[in-house]
Amino acid sequence: MKRRHSDKVSIRIHNIGTPLISRSTGSPTESLHVESDRPYTIGRSIANGSCDFVFDHVGISRNHCQILFDSQSSKLYVFDGVILSNYSDGFSQFFDEVEKEGLRFRVSLNGVYVNRVRVRKGRVQEVLVGDELLFVCGKEGLLCYKDGRVGFVVQEIGFEGRDASVSSGTFSSGKRSKRVFAPMENEVSSLVSVVCRPEAVGGVVERLNSLVSYCRHVLNSDDPVSCLRLSYSGKECVSFCTKLKGGVVADNREVRSDEENDEMGHGLSGLKVRDEQPSPHRSLVVPNLVIQVGSDGGEKENIFDISYVNKERSYQCSLQSPGKNFYLNRLQYIEHDPTGSQRVVSLPELLHPVESISQIFIATFTSDILWFLTGCGVPSHLPVTVACHHAERCWNSSPDSRISAPLPNYPNVVMVFPPFPEEIAFGKDRKNRGIACHHPKLFILQREDSVRVIITSANLVARQWDDVTNTVWWQDFPRRANPDYLSLFSHFEKETNHGLRSDFGAQLAGFAATLLADVPSQAHWILEFTKYNFEHSAGHLVASVPGVHSYKPSYFTESARSSTAFNEEFLGSVEASVVGLSYLFRSTSDSTGAQLKRLASYISRTRENPLGMLELVMRRNTNVPADVNAVSVLVPNPDDDSRHEFVQLGFLPRNIAKWVSPLWDIGFFKFVGYVYRDEVLAAASCRSNQKVQLMLHVLLGVSISEMPKLIQPHHVVALCSLVASLQRCTGIWRLQEVLGCYKWPESQESDFVYSASSVGGSVTAGFQADFASAAGKKVLQHFDSQESDPEWGCWSAREEREAPSIKIIFPTIERVKNGLHGVLSSRRLLCFSDKTWQKLRYNNVLHDAVPNPQDRVGHPMHIKVARRRFTSTRGLGSSSFGWVYCGSHNFSAAAWGQTISRSSRNNQDQSYNATRSVSKLRVCNYELGIVFVFPPPHEETDSCDGSKIDDIVLPFVVPAPKYGGSDRPATGLAMREALAEFREGSRSVFGESEVEEVEEEEEDEAEAEVRGEFVAEEEKQEEKAYGEALWSQVESSLSS
């Protein structure tokens, strides 16, 4: 045979899952340029230069496989593994040696699949145009799990500089054309439902193999239409078909294409064929597979039903904002009803038109950045900031661990890893780490005239947007004529007859600032929020930030605010401390105790504010070499109006002074400190090693109006840190801040439900009571009480044990097993421990999660949705009201926070203030969601948009069916048992085979048990060292 020489070959592909990266360019590619007769290696690593093409995926082996285009046969081949011996002979010799196992080679871990059929060890497999190559075919051996696929489809093979090519499923070689049709999985499922009985897996596979073989037989016959008619009548048609290799998939089950299946085994007795009226071009219709056939029986054009693809690209020019509602994500392979009650949207639709976006901010748990950038058509120059979880970097205290630029071809894509505070680490030591997650799902799309805020429950991965049900809310906010810097500060307060003033912008800026405070290059985002008007938001943001928080909704009362001299100037407060306090009062510095007596005299005569705190004076120390940002903390003589007489306590901590000083020096803000008398005296007299809490009030500065003109980059960084440090209600206390302003009629409650993909281990009667109480639930007999204390009659653990308040919606193990892809699709999506199941199994709070609408049954849900609904039957009609939450919070103390408390009394200090009761909220996760409030009829609001709580169609059936006696949630143990049973069943059908596991793409959201008490913090060694370094350089100005 005459050898055909082709120096260069171009292979056009369509990536599946993780995109293929070319070593030569370092960027994703959809075109492989190769030389004939030379093997090219595909793998995971380019570090040693051994791989020509790379998949950045944990399931890909370091050197996974090799591809080769043979010039003699003009065919493309793939080989599982890498040849270790030197190879320089022709392809025929190479093939012979491989067949004889004369060459040493190393196979890949997870295999190579051509059309879902695994390439056998030591075998070379031909690859045709239209074939699908997978290098990670799922997680369960023979069953090809579509959510875990990594590979590509060969769309065209072209010979550079020559006419011969393979295009659009046709290979032209001078003879007749051969066409390859690759129906989608749902299309094959439609065929299976017609001709196969869904009994055993083996039966389905056997029947489907015959069907595939027959379809090929028909497509390659001289007259496909006549062939079908003959078959329908029980006769055979003449076929000149050429054998095609490969297979197809029904759901996630592999269909093998053995050689004996090339012969027709079964007729298409159950398949109805639509015979249209005679026309020059007639259509042979197999569900969603259309082949145009000319009147002469020849093939005219290959038309594949790409209705789903068309929908993906037919973006609406202007999506209708959901308002007080949410959409669901658009699932692939589902024909969504446009007239249905539940609206759907895809991620590309949300970004459309991407060309008008100036920059993007994303917060997510897990991420596939390349999938997002390529799938949504994000330009390589567009600035994209992605804050995401990283188990090591988020716990690392080094600033260098906070940021990464992972994609050279997307130079403006920045990964940010928000920090977890040391106070929630095991042993309060960051080196020990702890239980924490960066778990929000947020998109901010900035455009010139507006900004779009998207809050969803889907992480930035293809699977959760394409195959798993998630909620999506968004709203576009218009640009202001001029930036409003004061909009960064929350003015959230209750107005008796007008509901709540929106603080959406301040909450959004505050949450983003906490993620970016350690990343100076991204601090500019804080200024972007001042350019847009968030006043007319449809809902209230509810954020969680990890840490131990003391700021509660009732913390800063109206009486406290009105008592301060800075009421009109007050912008917020920051919880800080005083460092180096004991330095001046140690025996070596104050041998006679004069300074301590003086301090006690000043403090005893200083009047406390309504919160029991003393006002202090702050002074800048501009000439201290140890820290140019140093700020002194002083106790003034209450009898000296000039405040020239004082006793210095110490200094602000370095990390606080770092941003206080530049903002103070330029006059943007003023700062006033407050401390508790007992804490100061205890620390000064060395009776306590506890850190002295200092409450820093932020006030308007004289130059605030000049900020647009005066602000410099270092001021922006400081402003971001200030906004991040401002006290805000978080977790359940934020929920209480939003919902506690309304009087919800307990007797009219119709349901209180919470659906989540994770139910935490700390979900006890105490946590459920805290959540219900934060949501406004009260004991019925105290509902009409006029008691001014907002906590009077609140729901407690005792009431919760007697009458559980919340129905928890979580799928049973049977529902998960009966899903479209069984337990595999939910294995790392759901989190529910058996320990938690034992706590909850006897209190009747668990209900099955039945997806809604009906077309989503069988698909897993990753939603986090809560609703408390009331029904009023006053008058002739009835009305419903209440609230709905959607976002990232699972039903766990890690997400919402757990209340912990202690008494600050110590053995040495028996003063009244020393018995001050303290309660705090311990939060482990970053979370973000939104609450839509539909107030009771008797509570008037500023505006009524006509929306109703019943307009929101929940993504699960309500009322949800209660667990039966034999029902069990899809716990980790239950799913492991179901998976083992599934594997055993697979082996019994297919026989023993290699079962390869790939690493999971998601992590469990776990949480640790939290004790109900906390211990006061002590001053750290680095803080003591900082204070002593400043004291050594500051000459104390003590009055005589």
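Here the Cβ of each residue, glycine as well, is placed from N, Cα and C on the backbone.
What TrEMBL records for this protein:
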DOMAIN    40-119  domain 'FHA'
ACT_SITE  HIS439  active site, nucleophile
BINDING   LYS441, LYS864  substrate binding site
ACT_SITE  HIS862  active site, proton donor/acceptor
SITE      SER892  site 'Interaction with DNA'
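Separation of the C-alpha atoms of SER892 (site 'Interaction with DNA') and LYS864 (substrate binding site): 11 Å, rounded to the nearest whole number. You'll find the Cα of LYS441 (substrate binding site) roughly 12 Å from the Cα of HIS862 (active site, proton donor/acceptor).
Other C-beta atoms found within 10 angstroms of the C-beta of HIS862 (active site, proton donor/acceptor) number 26, with every protein chain shown included.
Counting only the Cα atoms, the space from LYS864 (substrate binding site) to HIS439 (active site, nucleophile) is about 12 angstrom. Neighbour density for SER892 (site 'Interaction with DNA'): within 10 A of its CB lie 26 other CB atoms from the protein chains shown. Rounded to a whole number, the C-alpha distance linking HIS439 (active site, nucleophile) with HIS862 (active site, proton donor/acceptor) is 13 angstrom. Confidence annotation: the domain 'FHA' (40-119) carries a mean pLDDT of 78 in the model. Cβ neighbours within 10 Å of LYS864 (substrate binding site), excluding its own Cβ and spanning all shown chains: 25. A 10 Å cutoff on Cβ-Cβ distances gives HIS439 (active site, nucleophile) a total of 27 other Cβ atoms nearby, all chains included.
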